[in-house]
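See below for the structure under consideration.
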Amino acid sequence: MLSNPAAADEGRPQVRPQTEGWTQPTSDDGRPLLQFKQPRVAQPKTHLADLTLSERAAKVKELGLPGFRAKQLSTHYFTHFTSDPEKMTDLPAGQREQLVAEMMPPLLTEVRRLTTDNGDTIKFLWRLFDGALVESVLMRYPGRVTLCVSSQAGCGMNCPFCATGQNGLTRNMSTAEIVEQVVRANEVIASGGLGGLRRDGGHNAERVTNIVFMGMGEPLANYKRVIASVRRMVDPAPEGLGMSARHITVSTVGLVPAINRLAAEGIPVTFALSLHAPDDELRDELIPVNSRWKADEAIDAAYNYFVQTGRRVSIEYALIKDMNDHAWRADLLAKKLNARGRGWVHVNPIPLNPTPGSIWTSSEPDVTDEFINRLNDAGIPTTLRDTRGKEIDGACGQLAAEGDEDEGAEGTVTAGGPGRRPGASESIDLRG
Ligand code: SF4
């Protein structure tokens, strides 16, 4: 039997969100600045992954070459994960270099690779054509391989706990830059770079099975390119990677019009709302975009996603000690979710790392249990998720910030940031 929330919360303080080691940019009215427009608009040269198969064929013909070369190139890229002309022996030797130069310009340069969890987790730091840095994290689980991808360089959502948002939005990533993260991860897996050999032999049959858009950036703020990248992931080979849309999770802090647009898109991706607080009083401070679309509007949009697609949605909730983990908030969240209907949602509380001295630290175990039990008892399926990559860094975006530091770039992120960014923790696999 659960205690009443007043008793469970007795003596608990209310910690308010605030940045640590950096100052949140604010607008003239003193509210955290939201940045939807990208200051740097230059995109990389068009890559075949930006195009549909017929668009690729048209471009190859423009180069004066037969259209079917597009299909061959696409097979090399999406099935064999290679952009190396030397390996494309089915193409005429005299045309390979030109085809690759025109259709597959280099997109991601690997800057750093960090491995943990006995080789089952790899975090990549990539440099884009214009020097911007982004990350992706590859995780092997029993029966599946998950890649957490970035969708923007930086982020304009200005969440006070997040390393990625500290320098604002640099630019949207292109469709092909998003897709290339998957292709490069597949290349690493195929070469045996992720963990030990499987019992049934080599790695050839293995590839990324699940995608989570929880790396750098707010995916729905880069809507068009993110959706095009999802299509490319789902398109059967050789047009794309032939992945299952259900195994692709698109997550957002709550850009309501874009959630509704996604619901009407007709691609059955898994949808995740990073809520982190059911009450506007706290969420206004924790997730600045809440000043634009309130918690109830975001929950309505998530519910609409379920109604439109029939896909059960995930609510992400990072449990932060004495900030959002009170029993009354679990009850309020359950009430708001149940008010919309039953069976449409599950909640994923995300455990933070313990970060001594920081306000962004993990909830006590008994508080975590109480929070989860209250939701479950109210009929909301709630599962604490496993975390990965804890030894690699504390927060998504931190590696990119360190990369900046190495190169003496301006505007580096100062140490002492949050233990883990609740908005988009790369170490969380939502697929359960
Ligand atoms: S938590 Fe997500 S939405 Fe918020 S600033 Fe970081 S990357 Fe952007």
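Including glycine, each Cβ sits where the backbone N, Cα and C put it.
According to TrEMBL, the feature region 'Disordered' maps to 1-32, 396-432. What TrEMBL records for 16-27 is compositional bias 'Polar residues'. Among the features that TrEMBL reports, active site, proton acceptor is placed at Glu135. According to TrEMBL, the feature domain 'Radical SAM core' maps to 141-391. According to TrEMBL, the [4Fe-4S] cluster binding site annotation covers Cys155, Cys159, Cys162. Per TrEMBL, the feature S-adenosyl-L-methionine binding site maps to Gly217, Glu218, Ser251, Ser274, Leu275, His276, Asn353. The active site, S-methylcysteine intermediate annotation in TrEMBL covers Cys396.
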Candidates near ligand 1 among the recorded positions Glu135, Cys162, Glu218, Leu275, judged by a Cβ under 6 angstroms: Cys162, Glu218
Residue pair Cys155 ([4Fe-4S] cluster binding site), Gly217 (S-adenosyl-L-methionine binding site) - Cα distance, angstrom, rounded: 5
Cβ neighbours of Cys155 ([4Fe-4S] cluster binding site) where a neighbour is any other Cβ within 10 Å: 29
Longest CA-CA distance among Gly217, Glu218, Ser251, Ser274, Leu275, His276, Asn353, per record bound to S-adenosyl-L-methionine, angstrom: 22
Residue among the binding-site residues Ser251, Ser274, Asn353 whose Cβ has the most other Cβ atoms within 10 Å: Ser274
Recorded positions listed as Glu135, Glu218, least Cβ neighbours within 10 Å: Glu135
Whole-number Å value for how far Cys159 ([4Fe-4S] cluster binding site) lies from His276 (S-adenosyl-L-methionine binding site) (Cα to Cα): 12
